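These come from TrEMBL:
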DOMAIN    1-303  domain 'Peptidase A1'
ACT_SITE  Asp15  active site
ACT_SITE  Asp219  active site
Amino acid sequence: MNIGDPVRPYFLDVDTGSDLTWLQCDAPCKSCNKVPHPLYKPTKSKLVPCADPLCTALLGSQSPSNNKCPLPQQCNYQIKYTDTSSSLGMLVTDNLALTLRDSSRVHPSIAFGCGYDQQVGKNGAVQVATDGLLGLGRGSVSLVSQLKQQGVTKNVVAHCLSKNGGGFLYFGDDIVSTSRVTWVPMARSTYGNYYSPGPGTLYFDKRSLGVKPMEVVFDSGSTYTYFAAQPYQATVSALQAGLSKSLKQVSDPSLPLCWKGQKVFKSVSDVKKDFMSLFLSFAKNTVMEIAPENYLIVTVIIR
């Protein structure tokens, strides 16, 4: 993302499961991870006051019972994630450089976090060095909601990423070829500001697994896909019943299920012929395929 005046580039983790966008910044920085670009440096004129509606929304989403600021002239935040990582800082505003479909540029002013104290999660290390996080959730403080509120784009976000690296992220719906896209309205999730297409029926190799439709949420910030106990057991049973004879079940020190092929699996792409796809069926016959390479991982066991 390109932010500021003059414009400076920043690499951000894309997270559809949270709202706040934040950059590691020199305010000064108390605890910052290694970053690919110089820390964002705020000025007092960029501070978002406590009375600002976005500050009220942000603090209310973190702790509905405590939405007061210790200092009226600034909006402090502390956000924690499922993996126990966190960011502590203050809300600021600056210009975001966006390229439109006609190649022209707009520079809307957006509010985001200036994080001066970041803590890593359970794994104890940052896997990829980034300058911060891009919050694309459904709350009013998310980048998507702010762009919609200012009339810059519609409330649509999409991405296309290659497994070999590269791809694109876009906002609004005017750049999408509708002939190649299946649209499904997002339902209001009971789990917060997540994107949810509503209840989904689970199929394995186009056969129903016989479990009741489950609420599905999309979260680009989560490494794994999680099922509740009943659909998980149904999926495992279907997998084991349809296994190729060339596969042998083996033990793994970290995973409950593991199979070994006659030849070494060098990547998840090698398992396509041995496993079937999972499918999720939503309203209006909208079907999402989960290919084997999207629900399996390859581990290396050193003996």
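Don't overthink the numbers, they just go from 1 along the chain as shown.
Glycine too: its Cβ is placed from the backbone N, Cα and C atoms.
Not measured: the values here are computed from a predicted model.
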Sequence-distant neighbours of Asp15 (active site) in its chain (C-beta under 8 A, six or more apart): Leu133, Leu134, Gly135, Leu136, Gly137, Asp219, Ser220, Gly221
C-beta crowding around Asp219 (active site), within 10 angstroms: 17
Confidence summary for the domain 'Peptidase A1' (1-303), mean pLDDT rounded: 86
Secondary structure of Asp15 (active site) (DSSP, helix/strand/coil): strand
